[in-house]
Amino acid sequence: MRTTITGVGPLLDQIAADQGTSTAALGALASVPLVTWGLVSPAAHALSSRFGMSRVVLISLIALGAGTAWRSWPGAGANLWLGTIFIGAALAVANVLMPAVIKRDFGTRVPLMMGLYTALLGGFGAIASGVVVPISIAAGGGADGWRVALASTAALLPIAIALWMWAMAQARRRDGYVAPARAPRASVGTKLRGTGIWRDPVAWLVAGYMALQSAYFYMLVTWLAPFAVSQGRSAVTAGFDTMIFQIMTIVGSLTVPLLLRGRARRWIPAVLPVASIIGVFGLLVAPGALTVWALCAGLGAGASLNMSLTLMAERARDSVASSALSGMSQSVGYLFAALGPPVFGALHGIDGQWMLSLLVLLAVPVAQVAVGAAVGRDRFVLDRA
């Protein structure tokens, strides 16, 4: 799913040249899906209560393919923006429901399965960042090049849809599922969970952690390639730098289940952002070693994403509460994260330098350490006991 977003950053210069706008202004393009996620995420819980989680995820995957095609469609420049909005809406629903699906189907193995899930997100996102520029060049460059490259980010969606449909069929066969004539109405308890979650202090801590890690990731995945080019690297090499950053998110996400087995699991959410801090500090003081700092930044970003999604499952007593928490925290998180890429770009545009942008980026994981120390306590949302 993440491929449709991570492939944009390395192509920003080409898109800007074709669309007649500045690369900094196009930083807003990276925020469009984040704003959409923030606005649409709360609806995912209601949709899953009405139609079922698995069915809604399937529809969102199909919608993601349609949005990707729309974004790459030749013609009006609005297609780029409207298609991106559609992509954001589809991703919002799937992103919210996947932690709840994992909570429902793998209750005793949440950290492990969340690690595998986030590793897949990071892995395929990394591939997209690394191949979009070569694909654009192979397609002839210019308008046709970047459009073909963006369309290619959905190449694996048909396989994902087919596998999801197969899994749904297997579940029906295993459980003896019979489709009801009409969907059941949401229970009073479900309605209360959907609304009360916005007043829960634990939920706001989870949302804060999600917001900070998301802002960090999307600022870097959008601007790391332009930063690398400014340091004298080619566009292809800069795309590979972004790919390395995202490959390390896989490693980071897979370390979380191991760390959570230890006695110090209470402090793990606060420790994970330290790698992110090291990565940005390195970019500030020694940008020539960009690859090393991309490794550190990716390690912290991947671990923090897995930790965020794990908290959405582990701070809830069941999949219904997890769905409500996921919708609320991702709504808050992505609306906050949407500020990241355009703010980063605006600060860079002030004088063409990177110091101000990187200082703001550095402040994000520093704040995440503080929130992580608070959210690490073993408590549950909507738990008044």
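Cβ atoms are placed via backbone N, Cα and C, with glycine included.
Pulled from TrEMBL, these are the features on record:
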type     : residues : note
DOMAIN   : 1-385    : domain 'Major facilitator superfamily (MFS) profile'
TRANSMEM : 20-40    : transmembrane segment
TRANSMEM : 52-73    : transmembrane segment
TRANSMEM : 79-102   : transmembrane segment
TRANSMEM : 114-139  : transmembrane segment
TRANSMEM : 145-167  : transmembrane segment
TRANSMEM : 202-223  : transmembrane segment
TRANSMEM : 243-260  : transmembrane segment
TRANSMEM : 267-286  : transmembrane segment
TRANSMEM : 292-311  : transmembrane segment
TRANSMEM : 332-350  : transmembrane segment
TRANSMEM : 356-376  : transmembrane segment
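Of the candidate ranges 114-139, 145-167, 267-286, 332-350, 332-350 contributes the most Cβ pairs within a distance under 8 Å of the transmembrane segment (20-40). Among residues of the same chain six or more beyond the transmembrane segment (292-311), those with a C-beta under 8 A of the stretch's C-beta atoms are 98-99, 110-111, 114-115, 117-119, 121-122, 206, 209-210, 212-214, 216-217, 220, 224, 241-242, 244-253, 255-256, 260, 268-269, 272-280, 282-283, 286, 329, 333, 365, 368, 372, 375. Long-range neighbours of the transmembrane segment (145-167) within the same chain, counting only residues 6 or more positions beyond its ends whose Cβ lies under 8 Å from a Cβ of the stretch, are 1, 3-4, 6-8, 11, 14-15, 18, 54, 57-58, 61-62, 64-65, 68-69, 71-74, 124, 128, 131-133, 135-137, 139. By the Cβ criterion (distance under 8 Å, sequence gap of 6 or more), the transmembrane segment (114-139) is not counted as touching the transmembrane segment (356-376), fewer than 3 such pairs being found. Counting Cβ pairs closer than 8 Å and at least 6 residues apart in sequence, the transmembrane segment (332-350) and the transmembrane segment (52-73) reach fewer than three and form no contact. Tertiary proximity for the transmembrane segment (243-260) is limited to same-chain residues at least six positions away from its ends with a CB under 8 Å from its CB atoms, namely 6, 111-112, 114-116, 118-119, 121-123, 125-127, 129-130, 217, 220-221, 224, 268, 271-272, 275, 291, 294-307, 310. Long-range contacts of the transmembrane segment (356-376) within the same chain, counting only residues at least 6 positions beyond its ends with a Cβ under 8 Å from a Cβ of the stretch, are 202, 205-206, 208-209, 212-213, 215-216, 219-220, 223, 265-274, 276-277, 280-281, 283-284, 300, 304, 307, 311, 315, 340, 343-345, 347-348, 350.
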